[in-house]
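Listed in TrEMBL for this protein:
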BINDING   Gly167, Arg168, Ser169  NADP(+) binding site
DOMAIN    8-122  domain 'Tetrahydrofolate dehydrogenase/cyclohydrolase catalytic'
DOMAIN    141-279  domain 'Tetrahydrofolate dehydrogenase/cyclohydrolase NAD(P)-binding'
Amino acid sequence: MTTKSLILDGAQVADTIKAQLTKRIEQLADKGVIPCLATVIVGDDPASETYVRMKGNACKRIGIVSRRIQLAKDTTTTQLLDVIQQLNNDPLVHGILLQHPVPSHIDERAAFDTISIDKDVDGVTTLGFAQTAFGIGAFPSCTPAAIVAILDAYNISIEGKHAVVIGRSPILGKPVSLMLLNRNATVTICHSKTQHLDQIVKSADIVVAAVGRPKFVQGDWIKPGAVVMDAGYNKGNIGDVDYDACLRHASAITPVPAGVGPVTIAMLLKHTVDAAERTRIL
Ligand code: NAP
């Protein structure tokens, strides 16, 4: 690229979303409602601890109550389902987040699917995923929602573009693919068994990296002028794309940190406020 790439400033997009939420939180307070996000964490995984603390702090800064439920690592599936059911029945709780991963002896899918659809603010339930697929859901997964929100904030058109998504996890790769498809992109989903990945990526107008491998996407895979969305977050604040190399080819790119990450948290806050508002309408 001869022209300079646009750095998609996730921190700024997140600030704009949070500024819009402040007014809505005040209006809810006038009606006696304080949005509340309950986070359930099972065991003592240090990375999960950090994520939960970051989300809790973000809630507090904006006036959302953050309720943390810490469970021992030997908690059974039945005990976890009971805790989630209690939160479903608690009218003071508007959103429920079960921190992933849970210990391997727990049936994680059963736990996710116990979350009430009205409180599934991270789109983790089977029903929430299906609603995202149909384009009717209230709460798509937060990272996919963040990726689309950044594209929209910068008026980057999706319709008719070839989007290549690398990764097919239920929380990221698959839902973002469906969201882009619903916005009339032509979507190719790649995974660990994909052949000729570099050639496929080279045909993309929009590349979404959701691989979980640091600096995985190489600069010479990027078609000149493509838009690169890096959802990756690896140890040492490193994304899933080789940022400096991709920057040379992309027309626009998200950095790590301060790209998709802060907007993901802003979407979680937004979904919690949305859920609280819906309790006033229902
Ligand atoms: P995941 O569940 O481990 O999924 C990774 C996906 O990448 C899988 O579909 C896997 O394919 C694919 N993959 C792995 N190696 C590959 C290869 N060599 N070639 C092509 N595809 C390959 O990870 P995830 O939860 O979706 O997270 C992905 C990344 O996003 C991570 O860096 C994570 O930290 C980050 N993340 C960020 C946020 C945020 O807020 N910014 C939130 C969530 C996750 P298979 O299906 O074939 O195994």
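Any Cβ shown, glycine's included, is placed from N, Cα and C.
Locations of recorded TrEMBL features on the structure.
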| residue | record | Cβ contacts under 8 Å, 6 or more apart |
| --- | --- | --- |
| Gly167 | NADP(+) binding site | Gly173, Cys190, His191, Val208, Ala209, Ala210, Val211, Gly212, Ala231 |
| Arg168 | NADP(+) binding site | Lys174, Ser177, Ile189, Cys190, His191 |
| Ser169 | NADP(+) binding site | Ala210 |
#### Entry: Residues close to NADP(+) site centre defined by Gly167, Arg168, Ser169, Cβ within 8 Å
Val165, Ile166, Pro170, Leu172, Gly173, Lys174, Ile189, His191, Ala210, Val211
## Note on the structure
Confidence over the domain 'Tetrahydrofolate dehydrogenase/cyclohydrolase catalytic' (8-122), expressed as mean pLDDT on the 0 to 100 scale, is 97
